[in-house]
Amino acid sequence: MTSLTGTGGLIRFILRRDRFLLPVWIVFFGAIPAALAPGITEVWPTQADRDAAVGLIENTPAFTALLGRVFDSSIGGLVAWRGSMMPVLLGIVTAVTVIRHTRTDEEAGRRELLGSTVVGRQAGLTAALVVVTLASLATGALAAASMIGQDEAVAGSLLLGAQYAAGGVVFAAVAAVCAQLTRGAGSARGMFFLVLGAAFALRMTGDLDPDATWATWASPVGWLQQLQPYADDDWAVLALPAAATLLLTAAAFLLQSHRDVEAGVLPTRLGRAEAGPGLSHPTGLAWRLQRAGLLGWSIGFAALGLMLGSMVDGVQDMLDSSEFMQQVIMQMGGSDEITEAFIASMLGILGLVAAGYGIQAALKPRAEETGLRAEQLLATGVSRLGWTTGHLLFAYLGPAVVMAAGGVTMALSYGAVVDDFGTAVSQVAAGLAVQLPAIWVLTGLAVLLFGLAPRLLGLTWVALTLCLVFGQLGAALRLPQWALDLSPFTHIPQIPGEDPRLTPVLWLVGVAAAMTVAGLAGFRRRDVG
């Protein structure tokens, strides 16, 4: 028996487990470019319009920081620019998939069970990487074919497809390494997102500072951008993500061969010999398990808020000379006042990202359950409701904490730009507060699935991804209103700019509460594990 024995069977097993999710995200991401093209044609019907738009975008640091540089004013070039986040989002999906089929399976004991059969040591990691690689290639092929069907340049369309595939593959390899370094799936995901955040920061630095172009070439996100589909069509840049994928994959296999099952390469810090008084209560235990994630997210939000608030000055200069961009920002922000609309749109981004923390915190009880730790705890005098409620405090209140961290830095940087700290603080605080009911709906969905159908918990991340795409690309994709209304973020007032509307906010709170109650009731009745 070799280390790869049983790989084929595990590939079939993964395909069966993900038989619904895989086709959905392949078709979803593969269809995005072709869906963007008609909207761009409608907005900028002539080449002169597109040239003028590109000139304005290139002179606006805020848009360059958020979406990267635009290299060509053709329809294809603008599709590549407007959809530049899609290869990265695809990479996030592949990364989460790799961690789920490797580290999560180890936590749940499935890896050890399979290891007792005729399955090689490295078969599980190999199978996960093979599946996400094939899925990424299929997504890239579909994206390329969809753009060729729009009569765009064949070479640029093929490179755009390669960009999507490269994003999926290289970030899957990053996740494979993270899964070997840490002991838990949550820690592996946290490490991956830390690497992704650093990659974004490097890409932004390289795009904004002409003297720091090295930063672009040090970032996987920058590599994808520098492929420049429909512009220079620089196929040679593909060597960078390809080489990184090979090196990271080799490192993942090497690290796996030098660690025990259910252990990580990085040493686990030893705890105290005796538990502190706080651990005598379920809420104290939840704090012990959730505090690292809460701190990490808060630090990340503080940095993100500082960056978004400092963009206001440059955005105002650009919008003053572009009626079209004024309409775009006002549509995103829901206000006729440009600065307020921009702030509202940025607060919406913070709300969407904070929903990710809420979902992660709400899924912690499931991780404890599959790790067989919950069953031992519940065998004592701890009730199911009391144990779950401790974690839900962080799932529902944690997003407010992380947004407060981002709100403080955003208000300070925004207030420094407009020289009015009082207005900045009030606008940012109100704008972030109205995000909470929408976040709670997604958190409530996670609780509902945890209680009634824990096998479907992955759908919460699908829902968050759809909210992100609908919010940022809904207008460009020309989605019908009923589709946009599926996102809870569609129903909250855009503050600053709009008058507060309590009715939709109360409805969202009611929906979140109903799902939470139903989820808790379901958990009390179902079997643990």
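Using N, Cα and C of the backbone, Cβ positions are placed for all residues, glycine too.
What TrEMBL says about a protein is an automatic prediction, not a curated fact.
Annotation source TrEMBL lists transmembrane segment at 20-40 (among others).
According to TrEMBL, the feature transmembrane segment maps to 79-102 (among others).
Per TrEMBL, the feature transmembrane segment maps to 123-148 (among others).
The transmembrane segment annotation in TrEMBL covers 154-178 (among others). Same-chain neighbours of the transmembrane segment (154-178): 29-30, 33, 76-77, 79-80, 86-88, 90-99, 102, 125, 128-129, 132-133, 135-137, 139-145, 147-148, 188-189, 191-192, 195-196, 220, 223-224, 227-231, 233, 235, 238, 241-242, 244-245, 248-249, 251-252, 255, counting only residues six or more beyond its ends whose CB sits under 8 Å from a CB of the stretch.
Per TrEMBL, the feature transmembrane segment maps to 190-206 (among others).
Feature annotation from TrEMBL assigns transmembrane segment to 235-255 (among others).
TrEMBL lists 294-312 (among others) with the feature transmembrane segment.
What TrEMBL records for 341-363 (among others) is transmembrane segment.
Per TrEMBL, transmembrane segment is recorded for 393-416 (among others).
Residues or ranges marked as transmembrane segment in TrEMBL: 428-452 (among others). Listed by sequence, the residues of this chain that lie at least six past the ends of the transmembrane segment (428-452) yet keep a Cβ under 8 A from its Cβ atoms are 309, 343-344, 347-348, 350-351, 354-355, 358-359, 361-363, 365-366, 392, 395-396, 399-400, 403-404, 406-407, 410-411, 414, 459-460, 463-464, 467, 487-489, 491-496, 500, 505, 508-509, 511-516, 518-524, 526.
Residues or ranges marked as transmembrane segment by TrEMBL: 459-479 (among others).
For 505-523 (among others), the entry in TrEMBL reads transmembrane segment.
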Is the transmembrane segment (393-416) packed against any residues at least 6 beyond its ends, judged by a Cβ distance under 8 Å, and which are they? 283, 286-287, 290, 294, 297-310, 312, 343, 346, 350-351, 354-355, 357-359, 361-362, 364, 422-425, 427-429, 432, 435-436, 439-440, 443, 446-447
With the transmembrane segment (123-148) as the reference, find which of 20-40, 190-206, 235-255, 294-312, 505-523 contributes the most Cβ pairs under 8 Å. 20-40
